[in-house]
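Engineer: Here it is, the structure, as structure tokens.
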Amino acid sequence: MPKPTSRMHGDAAAGNTMAEQHDALASGVEHAEAPQQGNDLINGEVPGAEGAKADGVKDLGIMEAPGARPRQGWDVCFVFEGDPAFDVSSDSDQEGATKKRNERDENRKRIYALLKNAGFAISQTTSRDKSKILMRCSLPIEKMKEKAEVLEWRCKLKEEYGGGHLQFKKEREHCYVNDDLPYYFTPAQRVQITKATVQLDDINGCGINLQQETFDKSFLQFMAFHDPEMRDDLVRKAVWDKWWNPFWDPPYDQLREYLGSQLAIYFAWTAFLGKFLWILSILGTPVYIIYIVNVGDKVISGFNLAYCVIMAIWSALFNEFWKRRNAVLNFRWGTVYFDEDKADNIRPEFVGTEKPGFYFAHGFVHLDDLLDKKLVELGETHLLLPEASNKKQTQAADPELLATRNQRARELNIVVTRRYPGNKRMYTFMLSACLTVFFACCAIAAQVGLLLFRQDIIDGLGDIPIAAMVPGVINAVAIIVLDAVWSILSTIITNKENHRSDEEYVNSLIYKRFGFQFFSNYTSLIFFAFVKPFLSGVGKFSSPCPQGWLGGDEPTCMSDLSFQLLTLLAVRVTVSQALEVLVPWLVTGFKRCLLKCKAKGKKGDGNEEEPRSNMISRYYDESNLPQYTAVINEYNEIVLLFGYVALFAVAFPLAPLLAVFNNLVEVRSDAYKILMFHQRTFAVMADEIGAWYICMQVVSFLAVLSNAGLLVYTSGSIKILFPNVTTANEALAFFIIVLALFAIKGLLAIAVPDTPLPVQKALARQEYDIAFAFGIGDKPSYHAKHLLTMDPERANELAANELDRFDVASDVDAHFSSLRQRKSANASGKSNASGAGDEQEL
């Protein structure tokens, strides 16, 4: 368990008083009517004024400790284990259980004192079965304003001040749009500021490292409560509204105000992809009709050529225009200024050796030389390390010396950070890469095995009409199972890599998931597109490609590829979507039934004064919901869908239409799942989709190769358009098409700016308005500079002086005439140099 900060000792008197006052809470949180200390009178609110009635405490079968409930309600909660967790049947375990109970009580007292010292309003409750103790807390609005100012929290200004985003200051609180809100801050801002205050390690915060203390089991979890009214309104708008409108946009701004910008960007990205898929659907539907009508091989091949080019360019256009859309959202939400230093966000699971130094974006900076210099100046040479050649041995042999040096470095205000050696990290990454490749090969082998027996499965089913679909359905189900297993394995492997920051951890997990699932999802399609045409008649692949494609004369595998793509997409759109909502619904419903059964089991205790004692507290109910950590899975599904379309839609031009339907359902089902079946998120901030953009770029790059290969080799369109083409000419055509498409992609990347010009201008105007209104961020370019800007009286005075020197033009002529006469008189006795001197005088 981490030690309390030094700030805690500075407030020992207040902390001890509060801890003593609430000793009774440590054993069960009884409803005591003890007199409140001055700290309980926060923001003019009377402690316990709303009491049990406001929360339905008596009706819901929980016991309430006195505390002032803020106007906006309880925002966050610390959850501790209840007493039943420490009940043991064996006397030998009683001592250990008592020790753990005492540690829990000490943690509760410590956290309570830290929260009170930071200005939190607190109320503690326990469920009737005492399985959990909830320490609910919130910052009163005035206190929250103080913390927002300390945290330099950015809020949106009103339009009369430019509408930009500026750090919050209490003296200008009326200038922000928040001034029109009932509780000043949005729900997302409230939980963000509250969490930041809990973690803030100075006199204004609590100094509680939430990740570390959760990892050390100081408490079960730290969670945020839902706002039922706002959540229900958001469910109505994001899930049930406008089902009839296929071009519907989710309520991005409301989602951001409740869930944070990370999830809001996900919903915006998914909806933006849906609009681009509509473009392909509009183009692909007539192409598919032409394929069906069979208007002629050359016409079909010509449309196939055009559609391949469109597909390759479409994927590049989507990535480029998403960057512009992302810039617009960042401008609207104020995340243009988002610059979180993730290198300082150390994961509690990170293991390393403490060394003087610090991390920055690209590595570790050593400060041993600075420490050595300070030690020499102070005459503490006994703490110096030996020469570099022997340093490695010394570090392994004398850990006490290193510990003493680190302690002395802290005393000298030199930062000491945990560091993991680079050679060990490289070994860990290599092992992780090998495991990923191994399991990817296993997935490929499983897919190939199904393909080997595909024809046997069809023949074994006989004349059943859907026999041809069964292998594809089995393949799709196998993909879902393999992806689910790999999600677990990839998490275990990534945990072993010992990443220092959350960003490194998440990116590593993303690359593993995408790398594996690329092969598990696309192996069968790659086989039909680029392998089977060259293996027809070989071994198990004795079944050749069908004769012609939609009526053509040449044997191609485009029909098999089209059918396989249709089957995989259909299963993914139906089964995956159903599981995504159905499984959380069943799990949540099952847990609620168990809790209600437990409550009914307590009904025979003789207490007839509580007719609704079988009901579960909303707070306790939410504490039993799972935390939402699946944003990686949501992105992964959409990226895989993007790959199906970008890589293989030429074989089945209606694939974008299926993808559009999937996106429409995905956005609504994800919103419902996140809002109803999970604890409220802590409104994580983000300004981009992160490593997923790199995955999209990889798919876009491969789309060029895939579409060129489908055009030249799989469909046979080049042979149909140019009957006399040879194999060498086909290879040349493939390379020319690939180079041309890459050139187009490069030109698009150059021609399409990442940030639209109107956004750049609007951002510059907002910065100017802030400087004009508040004097913040002033720049020289904001001040006009002219050559003749002076007071009119001063200008007239200078003009009069000039006229005194040369009153009229004749005076000027007389002056120059005399100079010429003097020059002429002295010309005979002067050298050319003297003449030059006169010219210089003139």
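Note: Cβ is positioned from N, Cα and C throughout, glycine not excepted.
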Engineer: Any idea which of 590-612, 820-842 is down as region 'Disordered' in TrEMBL?
Structural biologist: 820-842
Engineer: Tell me whether the transmembrane segment (299-322) sits in contact with the transmembrane segment (427-453), defined here as at least 3 Cβ pairs under 8 Å among residues 6 or more apart in sequence.
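Structural biologist: Not in contact, no.
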Engineer: If we skip the immediate neighbours and take only residues 6+ beyond the ends of the transmembrane segment (263-293), which ones have a Cβ under 8 Å from one of its Cβ atoms?
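Structural biologist: For the transmembrane segment (263-293), the list is 238, 246-247, 249-250, 252-253, 255-256, 299-300, 303, 307, 310-311, 314, 317-318, 321-322, 325-326, 329, 333, 550, 631, 634-635, 638, 642, 645, 649, 652-657, 659-660, 663-664, 666-667, 670-671, 674, 681, 684, 686-689.
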Engineer: By a Cβ-Cβ criterion of under 8 Å, what residues six or more beyond either terminus of the transmembrane segment (427-453) are in contact with it?
Structural biologist: 471, 474-475, 478, 482, 486, 489-490, 493-494, 496-498, 508, 512, 515-516, 519-520, 523-524, 527, 540-541
Engineer: Do any residues, 6 or more residues outside the transmembrane segment (682-711), come within under 8 Å Cβ-to-Cβ of it, and if so which ones?
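Structural biologist: Same-chain contacts beyond the flanks: 187-189, 191-192, 195, 224, 258-263, 265-266, 269, 304-305, 308-309, 311-312, 315-316, 318-319, 322, 326, 330, 335-336, 338, 340, 503, 506-507, 510-511, 514, 529-530, 558, 635, 639, 642-643, 646-648, 650-651, 717-718, 734, 737-738, 741-742, 745.
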